[in-house]
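First the structure, in the form of C-alpha cells, and then the observations on it.
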C-alpha cells in the first residue's frame with residue numbers, strides 16, 4: 001500500500017489526514033491517468049479536482065454471422081457475449097486539511113505519469129499563498145481563477161447534474177433532511193457564501209450573475225470572537241461548544257424585558273431581544289458553551305435577515321447557503337434556517353448543498369476545461385467511490401472519521417449521452433420518480449435494507465458464476481461484498497448520506513459497486529440462454545393469439561405482458577422458483593397471476609379505450625430479457641402495429657440484473673423480424689423504433705432520459721406511454737403524472753410489498769390513466 005506522510009521542513013509527520021482513513025492509493029484513485037487539475041485552497045481545507053480516464057470491463061453482445069441457419073433448429077445461443085475493455089471519463093474530488101498540503105503534492109507528483117496538462121487552475125485565498133509550492137512540486141503553472149465565478153459555476157453544475165443535491169434542514173423533523181427534486185430550470189437563485197465574511201450573489205443564468213451585497217460579519221467573526229471568548233482556537237471545536245450551550249443564559253429575551261406583555265406585541269417570549277444582553281448586568285461567569293451558542297445565534301440571525309432582505313428585494317424565493325461556515329454542521333444549518341423562516345414568514349427557502357464544499361474546485365475545473373465543453377455532457381454521482389453526507393448524530397458508522405467538512409471523497413462519471421426530461425411529463429418541476437422515500441418511512445427502510453443484505457450472498461454467487469474463466473473472480477466478488485455491505489451499514493445509520501434513500505438508490509449503489517470490481521453484467525449468460533429459449537416459442541405464442549377473437553385477444557395480450565414480467569431475477573420469490581424448477585415457463589407464470597379483479601384493475605377502462613380511435617404513437621419502457629420482452633412485450637407491440645400505431649421501444653443503455661439492454665433488443669428484434677412479417681415490415685418502414693433510455697438501473701427516472709429518445713417522442717407525437725415492471729412502474733413512477741394516456745403494469749413479486757399494498761404475492765397492478773382535461 002502506498003503511504004503518504006505529512007511533511008514539515010522536510011521531516012515526516014502524521015498520516016495524510018485525520019478526516020480520511022482510506023489508504024492514499026484509494027483516495028487518489030486513477031491518478032496515473034489524470035488529464036487536468038484544479039484546486040481550491042481555503043483557510044483550513046484544500047479541495048483537489050482532477051479529470052481522469054478509467055478503464056473497466058463491459059459486456060458486449062453481437063449477433064452470429066451466419067444468417068442462413070434456422071434459429072429455431074440449431075442449439076446455439078442467439079448471440080455471442082464478449083467482455084471488452086472500455087475507457088470512460090471520471091471526475092475526482094478530494095478534500096484534505098492544509099496541514100498536509102506538501103505531503104499530498106509529493107504523492108501526486110510521484111504518481112503522475114500520463115498527464116499532458118501544463119497548467120493547474122487554482123482558486124480560493126490560498127491560491128496565492130501556496131502558488132510557489134504547487135508550481136515547484138507539480139511542475140505545473142498555476143492559473144488563478146476568480147473565486148466567485150468558480151463558486152457559481154460549481155453551484156450550477158451540481159444543481160443540474162446531481163439529483164437530491166439541495167436540501168432543507170429541519171432539526172425537529174424526522175428525517176431532519178428534506179431533499180429537493182431536480183428542477184428543470186434552476187435559475188434564478190440567491191447564493192450566500194459564508195466564508196470569513198459574507199458574499200451574496202444573484203444568479204440569473206449560466207453566465208450572468210451579480211454580486212449584490214455582503215457583510216463583514218461572517219464565519220471569521222464567529223471564529224475570531226469565539227476564540228477570544230472561549231480560548232478555543234479550532235473552528236469545529238467552537239461549534240461543538242455551541243451545540244451544547246444554552247443561549248438564553250447569555251442573551252436577553254423578549255420575555256426578560258416585557259414579561260407577559262410580550263403577547264400583546266404579537267411576539268414570542270423566547271425571541272432574542274439583545275444578543276449577550278445579560279452579560280453586562282449579570283454578576284457571574286458564563287460558560288464557554290453558552291457564549292459560543294449566543295455568538296452563533298447572533299451571527300446566523302444577522303446573515304439570515306440579510307439574505308432574506310436581499311431575496312425579497314430581488315423577488316427570489318430560493319437561497320442556497322455555502323462556505324466553510326456551513327460545512328454540514330447541524331447547529332449552523334438550524335440557526336440559519338430558523339432565521340430565514342422567521343424574517344421571511346416562510347416565503348423564502350433556506351437550502352443547503354450536499355457538495356457545497358466542492359463548489360470552488362468544481363468551478364475552477366470547469367473554467368480550465370472550457371475547451372472540452374464539459375457542460376455538453378451529463379454527469380452522475382458514483383455512489384461506490386463517494387463518501388456520504390455526514391451524520392448529525394454521534395458517529396455510528398463503521399468507518400470512523402472526524403468531521404472536517406461535508407465530504408471526504410466525491411467521484412462523478414461522465415455519461416455517454418446527455419440526459420433530459422421526458423417531454424410528456426405533466427409538470428417536470430414537481431415530478432418525483434420514487435414512490436416511497438425510505439428516509440421518511442422507518443419501517444420500509446429497515447425492511448429494504450435487510451432485504452438487500454440478505455440478497456448479498458446470492459449476488460456474490462451470481463457474479464462469480466458469470467466469470468468462470470477468471471482466476472480472481474472470487475476475490476473481486478468478496479471485495480464487492482465488503483464494499484456494498486459497508487454502504488448498507490452507513491445507510492442504516494445515515495439514511496440521508498446520498499440524498500433521498502429509495503429502493504432505486506439501493507439498486508443503483510449495488511450496480512455501481514459491481515462495476516467497481518469489474519462485474520459489468522452478472523446475468524449476461526442467463527439472459528442469453530433465456531432469450532434463446534423464448535425465441536423458439538415466439539411463433540407458437542403469436543399463432544395462438546391470432547386464433548382468438550378480438551376482445552379475447554386483448555385480455556390474452558395483457559396477461560402475456562404480466563406473465564412475462566414474472567421473470568425477474570431481482571425478485572427473490574422468482575429467483576428461488578427459477579433456480580429450483582428449470583422447467584418453469586410462460587404458461588406456469590400465467591397460472592401464478594392473481595385472478596381478476598386485480599389489485600389495481602383498470603382493464604375494463606383500457607378495453608373500452610381500444611374500441612375508440614387508435615393512438616398515434618406508443619412509447620414502451622421494457623423490463624426483462626427472455627420471456628418478458630419476447631413473449632410478453634413483442635406480441636403486444638405487434639398488436640399495436642396492426643392497429644396502425646407507431647411504437648418506440650425503449651430499453652436500458654447498460655445492464656442491470658436481467659433487464660433487457662438496447663443492444664440485446666436489437667438482436668432479439670432482428671431474430672423476431674426473420675420470423676414475423678409484421679415486425680419485419682414495421683422495422684423496415686421505421687414504424688417500430690428501438691431506442692436506448694440513456695441509463696442502466698432497474699428503476700426509471702423520467703427526468704433523466706436520453707436526449708435522442710426525447711427528440712423522437714416529440715417528432716412522432718407519442719400519445720401513449722406504457723411502463724412495465726415493479727422497478728419502473730411501482731418503485732418508481734406509480735404516481736407520475738403525464739400529459740398523455742399511460743399504462744403502468746407489473747406483477748408484485750415481493751410478499752412484504754404486496755401486503756403493504758393490500759394484496760398478496762403475484763398480485764397484479766394494471767393502471768390505465770387518462771390526463772385530466
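Backbone N, Cα and C define each Cβ position, glycine as well.
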### Query
Taking 601, 659 as the options, which does Swiss-Prot list with 623, 624 at the Mn(2+) site?
659
## Note on the structure
In Swiss-Prot, of the candidate ranges 714-718, 719-723, 724-728, 729-733, the one given as motif 'Subfamily II EGMGR motif' runs 724-728
### From 221, 406, 542, the one Swiss-Prot labels phosphothreonine
406
### Listed in sequence order, residues not in 623, 624, 659 with Cβ within 8 Å of the centre of the Mn(2+) site Cβ atoms
565, 568, 622, 625, 628, 629, 657, 658, 660, 698, 725, 727
### Query
Between 623, 659, which of the binding-site residues has the fewest other CB atoms within 10 angstroms in the structure shown?
659
### Query
Can you tell which of 320, 624 has the most other C-beta atoms within 10 Å, given these are the recorded positions?
624
### Message
Please report the Cα separation of residue 659 (Mn(2+) binding site) and residue 320 (3'-nitrotyrosine) in Å, rounded to an integer.
### Response
39
### Separation of alpha carbons, residue 320 (3'-nitrotyrosine) and residue 624 (Mn(2+) binding site) (Å)
41
### Summary
One should report the C-alpha separation between residue 320 (3'-nitrotyrosine) and residue 623 (Mn(2+) binding site), rounded to whole angstrom, as 38
